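A short write-up of the structure that comes next.
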Amino acid sequence: MLTLFTSLWDVARLLKLMAAQKGIAVHIFSPVLLSRVVFCALNFIFPSLKFKWMNAAMSAFMVGSEVWVADPDDAWIDGEVLDINGDEIKVKCTSNKTIVANTSSAHPKDPEFPPTGVDDMTKLAYLHEPGVLQNLKCRYDINEIYPFSMVYDSCTYTGSILIAVNPFQRLPHLYNLQVMQKYKGVALGELSPHPFAVADSAYRQMINESISQAILVSGESGAGKTESTKMLMRYLAYMGGRVDNSEERSVEQKVLESNPVLEAFGNAKTVRNNNSSRFGKFVELQFDHRGRISGAAIRTYLLERSRVCQVSDPERNYHCFYMLCAAPKEDVDKYKLGNPKTFHYLNQSNCIELDAINDAEEYLATRRAMDVVGMNQEEQDAIFRVVAGILHLGNVEFAKGEEIDSSKPKDDKSRSHLKTASELFMCDEKALEESLCKRVFVTRDETITKALDPDAAALSRDALAKIVYSKLFDWLVEKINVAIGQDMNSKFLIGVLDIYGFESFKTNSFEQFCINLTNEKLQQHFNQHVFKMEQEEYEREKIDWSYIEFVDNQDILDLIEKKPGGIIALLDEACMFPRSTHETFAQKLYQTFKDNKRFSKPKLSRTDFTICHYAGDVTYQTDLFLDKNKDYVVPEHQALLAASKCSFVSSLFPPLPEESSKSSKFSSIGSAFKQQLQSLLETLNSTEPHYVRCVKPNNVLKPAIFENNNVLQQLRCGGVMEAIRISCAGFPSRKQFHEFTERFAILAPEVRSKSDKIAACKKILEKSNLGGYQIGKTKVFLRAGQMAELDGQRAEILGRSATKIQRKCCTYMCRKKFVSLRSSSIQVQAFCRGQLGRHLYEGMRRESASLNIQKYTRRFIKRKAYKNLWFSAVSIQAGFRALSSRNELRFRKQTVAAIVIQSQCRRKLANSRYRGVKEATLVIQCAVRASIACGELHQLRMAAKETGALQEAKERLEQEVKELKLKAAKDTGAFQEAKEKLEQQVKELKMQAAKETGEVQEANEKLEQQVKELTSSLQTEKQLRVGQADLEESKNQEIARLQSALEKTQVELQQTKEMQTVKNISDQFPATQEVSVTNDESMNKTAAENEGLKERKELPTKEGESASSTAEQVAGTQEVPVINDELMKKLTAENEQLKTLVSSLEQKIGETEKKYEESSKQAMEAESKIIKLKTAMQRLEEKILDIETDDQVLRKQALMSASSSKMPELAAASSPGENDQQAQVNTGSSKISFGREDSKTGKQKENVDNLLACVSQNLGFSQEKPVAAFTVYKCLLHWKSFEAEKTSIFDRLIEMIGSALEEQDTNDHMAYWLSNTCSLLFLLQRSLKSSGADKPAATSIFSRMTQSFRSSSTNLPVGVIQLVEAKYPALLFKQQLTAYVEKIFGIIRDNLKKDLSSHISNCIQV
């Protein structure tokens, strides 16, 4: 046979040369094809020999033949045979290296292989691995990335297989609308391979045969499965989409737009792919009886939860996290996000950004896709709030707590992220922290709360993040399904399966185990449809065929999922026992599967195991198998998020049933996933499958790189090579007898009358001159290409029949056209005649109409001109009448306005004169009071500047204390003498005032009462001076009472001054007495003068009761009606009496003023002495405190040095020199501590300087409150100056206020400082609390003001006033501030009196 084959080869070459000489196409007489035809004929003639084309071809090597040999680098390399030595051949490769190979491992190369490759693998001359690899590479180089591995007839049951090579670049010319229109309705194989062709084939087969279809897209990560799925869904939506003019999106649009949403939340960058799907997806497109999409559904499988918390370099987490961090600024601020590198769940990998992906644009695209699938704005915000909460949750770190094996947030940053996460989840922050750091166990008897260590708390945090993200993803899928809408009454469907490919990494965990189980199941499904079902069909039909072996992976599936001894069953069993660990689980696996050839144990590991998959060996690490297989929610997490205030978050965690919450039933992810797989395979088995095998050309994910070894391994793992071999060796085309006769009866019309279908089929095949076919029990089996040949003959017969039909149809159409043309010509003639008549009639009608139009146009023009003229005349008349009316109205308004202005001017002049007189009166009064206050202020300033500082050493301090005590005793005697003098003066004033008016007597009684209070205060002061500790408190009370006495004295002095003003008024009365009252006019004039005098008197009498009584007497005289001369005489007599009374009052007032001046001088001197005494005592106390602190420091240092000594006896007997050295060391350390205190005091002094510089300016008011007062109060509270035993800030504030009051002439300036001092004093009274005696009665002016202010204290904001335990400097500052308030008030009052005095005098003169 070898000789026969060689001869046939030579004949083929000879025929090729003859064909070339005659100009015949070379590829028709290809030696390879001729040899193949001969071998097919031999197989048909001698079926028992079972010739094998590949083996015969490989044994026909000769010198000069082109062959493929194996190469470790490029898988296969081509070359030329140089020498043959038995079973070995010597080959010179194209890479200029020589290889010696065995003939069994070499394959012949087609010398006439087209440079662009072939679009169908079955068309290859040599269908072997190197031939397929060469074809893929050639087409990949020209961007033809879709070669079919095999193409069957569109009516077969096994479908088609498309190989898609990922180009790693955009090829928009392959996927536009024109390409979809090009593939629409075209039979499979007529155009170049494309996913659109597979989708169109599935759609046509579904329509024609009413069978549901499935398109299985498989391949490893990065092979382009997701993009291929998108293309398939686009074409199916194009073919089955409805034409709907409504605004609502159609089902197919929602299905297509759902891809960005699922990719954003389910895809991530891996080592092998920038957009790898980390979940399985089966999209069901449901169609109605017309082939239109009526609904859709999306099923997802095994989302990779662990990626949320653990990302290896250089992979990325899910896209949605990076999209949200790149969102617009308002969204980033709303969710409190920032750079992705700042989040723990994202910065575990150095890969943050992708070159070809703009996360900001992808975020907006995802938002638009959410709008399309029916997610409103609130749901979108809630979704991204949950995503942001997961990121913040990942930044919560834990440290050891106070208790054993407890944990807590590590630092403030972790607590901040924890707070942000709780705000985003809208749950309680404390409850969230406890759910992460504690775990609650429920037993039969009690509930046990266990604290978690930091590592366990971190695992709890990651578990919460994973379950929240998983629930969110499930909600998205459910929402998309609801938005798309499922058609439960759909007739059939087309399913597109996009699921993860086979994975094998350095570290393979539970996710890779489930993924590879999925691929094993899908590979078995592929085997069943392409291999096993094919051969079972041959056996069932009892046809003559040779058995073809294939790799069956049922043993691997039994190893993994068999019950009860499979790996998943053992894993579930281990998870049910609480004490099981991954070590015990691994040992169980080793014992159970030690004899299984598909299972092995690595040598260098105690817990890993290896499974021999169909695509290769994979070693799994069992460290996290048990944790990842447990499908449960921590009850604390469930309760926390179910109680969230956000309805979206709470809907993700619905409350568990009471039974499930109490019971502890175990739920396995592996078992659930196995059930999902079983359901998926049942769905696939009920459909007609079509396969798309995606291939990744290189591992660097770059275009124009084709790695032979990588591609060949993927082809082997995908079963493509085995499918190609089976398709060529078997019978890919088959038909039922009745279908075959119905379809091809046209080739032998005589078989239509036969009832025996088998004989009819044989007759058709014999007449078609085909060989190699087989007749089974129920079907006809054809070799590859025979179905196409039968279709060609059928098409030829149909073409001839169509020609005859066309001929008859053309005859009929031509006659019909002639008859129609003749009738049309008659109708055209009739129409033309009618048109001509109508044209003439139209001309006549137009002429008549033009005459009518001209007539009415002329009439309209004339009437319009008349109307315009009439309207103009009427408008002019109306304008003139309106002008005259407006002029008259304007004149009347001006007259009324003039009258009003005159009356207002007169009223204003009178009012201004009155106000001027009134203001002058007040100015005069204020000026007098201001002069008195200035003198007092000058004396107080002089007294305040005479304070000195004690600078002597510790030895003289006791002597100074004694001197101060003596000086205080002398001052007490002086106070007693001043008191006696004041009592005597008060008695005299009382006697004089009692003789004149009852009100002066009341004032003297009040003064006497105040003097008694002063006497009692002096006596209590003497008693309090016995104890030195109560000295300061008695001084404060004494000063307060002296000030109250001085205030009373000032009030009385003011009253006497007012009485003096009454006297001045009475001096004008003699002029009125000399006027002769002869008539009513003079009487009226006198009455008017009396009324003016009454008004002049009543202004100052408001401040004193004695003056008011006198004014009443004057008013009584004015009310006497002057009727005759007798009444006039009585009036003059009363005036004289009033004059004498005023003169006497004036004398008494002068005497009282002199006495008051003397008493005020004595009080000022006593007050200045008391202030000096207090300052001296304060400084003395400060020095004593300094000495005590020094002593304490020295004692502490001495104790420390004594305790640190090893030999106390030697230390006791140490020399005085050593003690001196120790003292020097102690003093040195104390100096260091004092240096630190000096630096602190220096900083505080700088702050005080800044405060004084700021407050000395006019800061104005804020919300009707003085800014300076509140600023000083807040600073004193912050520096804790009220609690300080010694401080100089109060003295500096008093000096600042005194310097600010030098400008006494400006009332606005004084009013500003009055408001600030009053507010500050009010705050001090409300804040400072003292342990001294009760406060004196509120008799001063300021006391009455503060009592009125207390009603407004509720307007202060919460937290402004704080109670403070005040020390002596603060209390002294409060008393000094009280004095300044009363002084400022007196200055303002005097200034106003001074301003009003001139006006009052003017009023009196008027």
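Backbone N, Cα and C define each Cβ position, glycine as well.
Look at TrEMBL and you will find 24-46 tagged as transmembrane segment.
Feature annotation from TrEMBL assigns domain 'Myosin N-terminal SH3-like' to 62-111. If you average pLDDT over the domain 'Myosin N-terminal SH3-like' (62-111) in this model, you get 85.
The domain 'Myosin motor' annotation in TrEMBL covers 116-795.
For SER221 (ATP binding site), the count of additional Cβ atoms within 10 Å of its Cβ stands at 19 [all protein chains shown]. The ATP binding site annotation in TrEMBL covers GLY219, GLU220, SER221, GLY222, ALA223, GLY224, LYS225, THR226.
Under DSSP, residues within the region 'Actin-binding' (677-699) fall into helix, strand and coil as 9 helix, 8 strand, 6 coil. Annotation comment: TrEMBL describes 677-699 as region 'Actin-binding'.
Annotated coiled coil per TrEMBL: 940-1059 (among others), in sequence order.
Under the heading region 'Disordered', TrEMBL lists 1076-1118 (among others).
Residues or ranges marked as compositional bias 'Polar residues' in TrEMBL: 1076-1087 (among others).
The feature compositional bias 'Basic and acidic residues' is assigned by TrEMBL to 1091-1105 (among others).
Residues or ranges marked as compositional bias 'Polar residues' by TrEMBL: 1106-1116 (among others).
Annotation source TrEMBL lists coiled coil at 1128-1197 (among others).
According to TrEMBL, the region 'Disordered' annotation covers 1205-1243 (among others).
TrEMBL lists 1216-1232 (among others) with the feature compositional bias 'Polar residues'.
If you look up TrEMBL, you'll see 1234-1243 (among others) marked as compositional bias 'Basic and acidic residues'.
Feature annotation from TrEMBL assigns domain 'Dilute' to 1291-1406.
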Original post:
Once GLY219, GLU220, SER221, GLY222, ALA223, GLY224, LYS225, THR226 are set aside, which residues in the chain still have Cβ within 8 Å of the Cβ centroid of the ATP site?
Top reply: ASN166, ARG272, ASN273, SER276, GLY501, CYS694, LYS696
Original post:
Are there residues of the same chain, six or more positions away from THR226 (ATP binding site), whose CB falls under 8 angstroms from its CB, and which are they?
Top reply: GLU263, ASN267, ASN275, SER277, ASP498
Subject >> Candidate with sparsest Cβ neighbourhood (10 Å radius) among GLY219, GLY222, LYS225, the listed binding-site residues >> reply: GLY222
Original post:
What does DSSP give as the helix, strand and coil breakdown of the domain 'Myosin N-terminal SH3-like' (62-111)?
Top reply: 3 helix, 30 strand, 17 coil
Original post:
Non-local Cβ contacts of ALA223 (ATP binding site) (under 8 Å, 6 or more apart, same chain)?
Top reply: ALA164, ASN166, ASN273, GLY501, CYS694, VAL695, LYS696, GLN714
